[in-house]
């Protein structure tokens, strides 16, 4: 390298002086270590090479360029190997093994006689990772979980530890290949289940809102806490001196009490002093980071895992907005995407992959390696059995119980980090550490693959009943689920519901779901405000205006309408699962979603266009176990009490199941006083009216009821229904017709597939911007359609499973 030519002409005693001049640090033969402060972090640029020629350092040997190169290399590999479970450190280890000790890669990643700057930064990033892990975890959840999750969480830890300790005690001292402290470390870390790892696995597998995940997250939170208590207790009691053990236990308890008894209340006072919606000032966030660093240093002083200090501190900080969400938003993406790869790669680079072959050979001749591998496998099997038996006893199916046990046996970065810390303290040998890394690597690869193979997400919202309006009578109870995103959706939905009910003979049961983005927390929640459940305080805080608005609406509606409010706190890309699950659980017939666009007061200008709401609506249309309606609100559809104002509703009917569903809902609205319904049937010009298929026969039956309604008395005599037929030549003809009706009605109701593959939409179907609205629905909701008329687009239940 560059220094080799320079050092060739120096006397042996002078070499360390040269290293000190260039590297900023050096060690002499007699053990004297010297450093230059401030250290030289970067080169002199191109002039260094021009003036010094071969003398000097390569640019990657300076601290700052070296750190930047390592970050760049790991970032590229991290993204490139994302599909391969982000195990980039293993690849680097293999590269180093084949490249040799004097390669450029070896010199960049492991500078000789230098402080490991990337490793230090990675360790700091990992402390922040544990801190955020605590911030996103709700410690109150541990005390409120169900009996099934509590029993599974406690039994898995205690059973594995008791069996492991008995095996160790029954083995004679001469036949114990592992030391007591090494054995206990492996035993406890393999026995507990990390809450954050389970939450991340469920999120990666898109299982966050399944019934299995709810039990898994609760059981993991219990197992995590019980395992930590075992770990801290055994660390204290395992010291040679009982006095030192008691002192250590007192110091750790004192830190936890100060965190929850002093820092927690201070944070709550900071929150109360902030007005709603105001962000937390940066000085509080910086102060918290300083305290996190001091907490980690304190636990390091106690010769315990430093990240525990950050974790317990995170538990004491209120999760969710404004402090918890601000910390997660500021730190998580950068920390996990840029800094954490440095730590994970440093861990894998210190793994001796040559020992893996021996550990996989049953009779390798090395009792220690075999003992570590056997212990890991034994605890894994015990946890698998416990986590499968307990849910099965609580009436979970055998297949779901097995999937649950696989999920709860997952290992990842949490266990890897603790083993890395133990290896640094020389609690674990290099061979034991390498075998444990191999076990975590295999676990993180095989378990997600097996769960994906066994778990079928398409069956989450399978419905075995017909839940659509066209299959029910016009009278009788109608169950709807109304979704609210923003405050302006409240008045829209209330006004729409006012014209959707009539009297006691046609009641409306309405479930109102307020959708709130999950911030600063790990676990999504669905909160009922009529029945006090876990997390009701959090839900009430977010949904107070929604609850009050619908409480005032309920007395006005009297006994004709029943309202129940919920709050869904989840990630935006998973909210559809809570919507569909609630609709399935409550046997809802129609889900009503707000359109993703919001208009101005004059209903002619678009104020907001939220693509995430559009993405959510599209997912609900695909997964819903019942019919779905999307309300495009331009004009306040309102029937005020005592008002004689007539509400004009128009159904545009072309044919098909979605059009029949739209007509069924409109006929229910026509039962309401002061609602006038017009059914506009579009016919292809020149086509025969003979029935040619089952759909057309069903269309004719429904339309015949409308045509003969007044004579047959099918509908209430107070209702007013007009039936119109209009022949259409092409899309241009339809466009002219719809524009002529722009200000004649208060509400249009159309089927989502209305006009698809029909001559009526020929020429305009290619201009459809929003597929979720259909061709005609998209035309009516377009900004080019100058109207203040609201639109309801209806999709009938797509599939009914066979029993």
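Each Cβ is built from the backbone N, Cα and C atoms, and glycine gets one as well.
TrEMBL annotations: computationally assigned, not manually curated.
Annotation comment: TrEMBL describes 102-454 as domain 'Cation/H+ exchanger transmembrane'.
The domain 'Cation/H(+) antiporter central' annotation in TrEMBL covers 508-646.
The feature domain 'Cation/H(+) antiporter C-terminal' is assigned by TrEMBL to 647-797.
Here TrEMBL flags 67-85 (among others) as transmembrane segment.
If you look up TrEMBL, you'll see 115-132 (among others) marked as transmembrane segment.
Beyond the ends of the transmembrane segment (152-171), by six or more residues, the same chain brings 145, 180, 183, 187-188, 190-193, 215, 218-223, 226-227, 230, 375, 378-379, 382-383, 386-387, 390-391, 408 to within a C-beta distance below 8 angstroms of the stretch. Taken from TrEMBL, the feature transmembrane segment applies to 152-171 (among others).
Residues or ranges marked as transmembrane segment by TrEMBL: 214-232 (among others).
Here the transmembrane segment (252-271) has Cβ contacts under 8 Å with residues 232, 236, 280, 284, 291, 295, 298-299, 302, 304, 309, 312-313, 315-318, 322-323 of the same chain, all six or more residues outside its ends. For 252-271 (among others), the entry in TrEMBL reads transmembrane segment.
Residues 127-128, 131, 248, 251-252, 255, 259, 263, 270, 308-310, 312-314, 317, 323, 326-327, 330 of the same chain lie 6+ residues outside the transmembrane segment (283-302) yet bring a C-beta within less than 8 angstroms of a C-beta in it. Per TrEMBL, the feature transmembrane segment maps to 283-302 (among others).
Among the features that TrEMBL reports, transmembrane segment is placed at 308-327 (among others).
The transmembrane segment annotation in TrEMBL covers 334-350 (among others).
The feature transmembrane segment is assigned by TrEMBL to 370-394 (among others).
Tertiary proximity for the transmembrane segment (401-421) is limited to same-chain residues at least six positions away from its ends with a CB under 8 Å from its CB atoms, namely 126, 129-130, 133, 152, 156, 185, 189-190, 193-194, 196-198, 200-202, 207, 212-213, 215-216, 219-220, 223, 305-307, 340, 343-344, 346-347, 350, 380, 383-389, 391-392, 428, 433, 436-437, 439-440, 443-444, 447-448, 450-451, 454-455. Residues or ranges marked as transmembrane segment in TrEMBL: 401-421 (among others).
Here TrEMBL flags 433-455 (among others) as transmembrane segment.
Residues 137-139, 141-142, 145-146, 148-150, 152-154, 156-158, 161, 188-189, 191-195, 197-199, 202, 249, 252, 304, 308, 387, 391, 396, 404, 407-408, 522-523 of the same chain lie 6 or more positions beyond the ends of the transmembrane segment (214-232) yet place their CB under 8 Å from a CB of it.
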